[in-house]
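Down below is the structure, laid out as structure tokens.
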Amino acid sequence: MILQIQKGENNPVLRKKTQTIDKIDEGILQLVKDMIETMNKNSGVGLSANQIGRNIRLFVVHPNLSKKTVFINPKIYKASKKKIISEEGCLSVPGVYKKLQRAKSLKIEAVDENDKQFKLKAKDLLARVIQHELDHLNGILIIDKNE
Ligand code: ZN
């Protein structure tokens, strides 16, 4: 099912810090499927749960970018000092593109859709998408960030 994307820089749903997921149940698994479908339909490379109105710590990334696509309760535990500047857009603030500095590479820990904890090394575009989506889960949008 295609879900509606929450939009607007002052949208309260996008501005709230999201909550840890305690249990991966049928509802979460269905949500993951719907989020992937919604991301693809909108030609996105990532989508976070609060972007479709759910206040929980979950995001998905496009399978072209990563072998891991579902990130539940994600945590970046290492980020490179080296930064890269590149232009970013966001499905929740359409029409806005901003050149942002992001860590070139990082290490992230999360739980997947099978309730399995994993660690992943990411660089370049994948690292950027992960940082963008984690910002979402903390209520931060690209318009808040300095170039
Ligand atoms: Zn976004």
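Using the three backbone atoms N, Cα and C, a Cβ is placed for every residue, glycine included.
These come from TrEMBL:
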| type | residues | note |
| --- | --- | --- |
| ACT_SITE | Glu133 | active site |
| BINDING | Cys90, His132, His136 | Fe cation binding site |
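On the structure: features taken from TrEMBL.
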| residue | record | Cβ contacts under 8 Å, 6 or more apart |
| --- | --- | --- |
| Cys90 | Fe cation binding site | Val96, His132, Leu141, Ile142 |
| Glu133 | active site | Gly46, Leu47, Ser48, Phe59, Val61, Phe71, Pro74 |
| His136 | Fe cation binding site | Leu14, Ser48, Asn50, Gln51, Phe59, Ser92 |
Other CB atoms, at most 10 A from the CB of His132 (Fe cation binding site): 23
DSSP-derived structure type at His136 (Fe cation binding site), helix or strand or else coil: helix
